[in-house]
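Visitor: Below you'll find the structure I mean.
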Amino acid sequence: MTNLQTGPTTRGLQRFAIPAVCGLIIFLGYYSQYLFNTSADLAPGPLTCRESLIFNILLVCLWLTYYQACTVDPGQYKFPPKEKEDGDNNNKRGGRGPQKAKWCKKCDAPKPPRAHHCRHCARCIPRMDHHCPWTGNCVSLQTFPHFLRFLVYTNAALVYFARLLWTRLYYGLWDQRHVPAYLGPSVGALLGCTMLSIAWFATQFALMVLLVTTVRSWMLGKTMIEEWEAERHETLLARSYDGDDYWGADGHGGFVPVKVEFPYDNGFWSNMAQAMGTNNFLRWFLPVGGGGPKISNDTPWKGTGWEYEENGFNDRVGMWPPPDPEKLRRERAGAGGKWPGARENLNTEKPEVDYYRSSEDMKTAFKRRQQEDLRRRQQRRQHSSEEDEIMAELEEDEGYEQRSRTRSPPQDGRAWMNSEGDTLWDYGVDVDEEENYGYPGQGVSESLPLVKTATGYNDGQGDEDEDVPLAELIRRRKVKSNGVHE
């Protein structure tokens with residue numbers, strides 16, 4: 001969904017976002033000065049030296065902070081070569097891996113806490129807030145201070161510009177409303193003031209809202225993505241408390257989420273100082289030399305960008321983000337067709353492929369595979385029709401219809417929307433590249449948040465005995481707990 005943070009969603013339009021921002025700055029910042037200084041009939045006349053100096057200083061600060069917000073590297077994790085090559089060692093108990101981390105399939109590397117894979121930057125971004133199309137860059141651990149300064153100086157310049165504009169609108173138009181038209185401002189001046197007023201109002205409103213939401217997130221220590229995750233978690237809890245067990249309706253687990261507090265809120269001052277990279281508040285809003293936090297790649301898994309202080313409100317560390325029961329349910333049901341091994345009997349030995357078969361045997365095998373594919377497609381269609389029938393029955397239930405209008409059913413990260421209609425995909429997160437809560441390193445099962453299932457509390461992890469996808473590990477865990485042998 002298009003909004004202030006995510007920008008236009010139409011393919012190809014985002015490449016024009018930065019030129020559009022530059023054009024808007026030039027129009028409001030420099031065309032306005034040209035109009036005010038050349039329209040002698042527009043009271044109270046040209047800008048004074050003091051007004052020009054203040055306005056142009058604000059514009060210089062705006063340009064500097066915008067350039068930094070666009071060009072500063074959002075950060076990149078660098079793992080030791082041995083750690084990346086010896087990935088299976090980390091997947092065993094006793095490996096050198098972190099206490100808890102996700103695994104990025106595209107980067108083929110662990111994903112530290114609060115990091116996400118950006119589909120625009122094509123890498124995992126430390127403490128990713130969102131990908132901003134207006135800067136063409138990710139708002140992250142390293143770029144957030146520059147982004148915040150840009151918003152502050154932009155709003156300051158707009159407020160001062162409003163003073164200059166409305167002074168001329170009052171004295172040049174309203175105060176002379178009874179004067180004959182030929183003695184008032186020219187048509188060009190009137191048209192210019194009208195366009196400037198419209199552009200100023202739209203820009204001031206949008207950027208003031210963006211500044212307020214950004215400052216709020218800054219003080220709470222949350223990123224936009226984490227606010228989205230927190231809202232989804234609250235929605236899941238609300239459905240659970242109301243007895244609306246969406247996940248147990250199909251008999252695949254009956255997940256009941258356990259409340260998880262946001263662990264990275266350590267107080268207003270600590271949150272703000274951590275985000276700006278220094279406790280010296282005098283440097284926070286310097287357009288040059290203000291700096292910001294830098295990721296510590298010299299000591300992987302330790303230092304800035306790799307670990308974050310928690311407030312201790314949860315039973316264990318590393319419980320954020322809360323698990324997505326819908327995603328776990330699909331994986332426990334067989335990974336939704338993601339991995340063929342989930343539907344295979346792994347204990348059955350497969351005959352070796354005979355590469356010297358005749359052409360007739362190959363044709364027969366090909367036709368057999370076609371029949372199997374057709375049968376699987378028919379089963380999927382049948383399953384889909386059964387779901388449609390269930391939904392049709394639920395729609396006849398007035399109570400369910402009323403509940404569905406107030407809360408959206410939880411879906412995967414791409415489809416679930418918050419109250420503003422945003423998904424993780426809108427924030428730039430490549431949701432398809434995230435393995436579910438499970439870089440299976442040392443002690444992972446002890447640090448993951450528990451999820452209540454039909455068979456008890458589970459951390460969503462399977463046995464860590466082989467280097468297999470997490471969905472398969474979860475499936476084996478379910479089979480083992482239910483005593484079902486394939």
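Each position is counted from 1, following the chain as shown.
Glycine too: its Cβ is placed from the backbone N, Cα and C atoms.
Just so it is clear, the model here is predicted, and its values are computed rather than measured.
Not my notes, these are from Swiss-Prot:
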TOPO_DOM  1-15  topological domain 'Cytoplasmic'
TRANSMEM  16-36  transmembrane segment
TOPO_DOM  37-51  topological domain 'Lumenal'
TRANSMEM  52-72  transmembrane segment
TOPO_DOM  73-146  topological domain 'Cytoplasmic'
REGION    81-101  region 'Disordered'
COMPBIAS  81-91  compositional bias 'Basic and acidic residues'
DOMAIN    102-152  domain 'DHHC'
ACT_SITE  Cys132  active site, S-palmitoyl cysteine intermediate
TRANSMEM  147-166  transmembrane segment
TOPO_DOM  167-178  topological domain 'Lumenal'
TRANSMEM  179-201  transmembrane segment
TOPO_DOM  202-486  topological domain 'Cytoplasmic'
REGION    314-420  region 'Disordered'
COMPBIAS  324-333  compositional bias 'Basic and acidic residues'
COMPBIAS  346-376  compositional bias 'Basic and acidic residues'
COMPBIAS  386-399  compositional bias 'Acidic residues'
Visitor: Give the number of CB atoms, excluding that of Cys132 (active site, S-palmitoyl cysteine intermediate) itself, located within 10 Å of its CB.
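Guide: Neighbour count, Cβ to Cβ under the 10 Å cut-off: 25.
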Visitor: Determine which residues of the chain contact the transmembrane segment (16-36) at the Cβ level, with the cut-off under 8 Å and only residues 6 or more beyond its ends counted.
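Guide: Distant contacts of the transmembrane segment (16-36): 7-8, 42, 46-47, 52, 55, 59, 62-63, 66, 70, 133-136, 157-158, 161, 164-165, 168, 189, 192-193, 196, 199-200, 203.
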Visitor: For the topological domain 'Cytoplasmic' (202-486), what is the mean per-residue pLDDT, to the nearest integer?
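Guide: Value for the topological domain 'Cytoplasmic' (202-486), mean pLDDT as a whole number: 69.
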Visitor: How about long-range neighbours of the topological domain 'Lumenal' (37-51): same chain, 6 or more residues beyond its ends, C-beta under 8 Å?
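Guide: Contacts of the topological domain 'Lumenal' (37-51) (Cβ under 8 Å, skipping residues fewer than 6 from its ends): 164, 167-168, 171-172, 175-176, 184-186, 188-189, 192-193.
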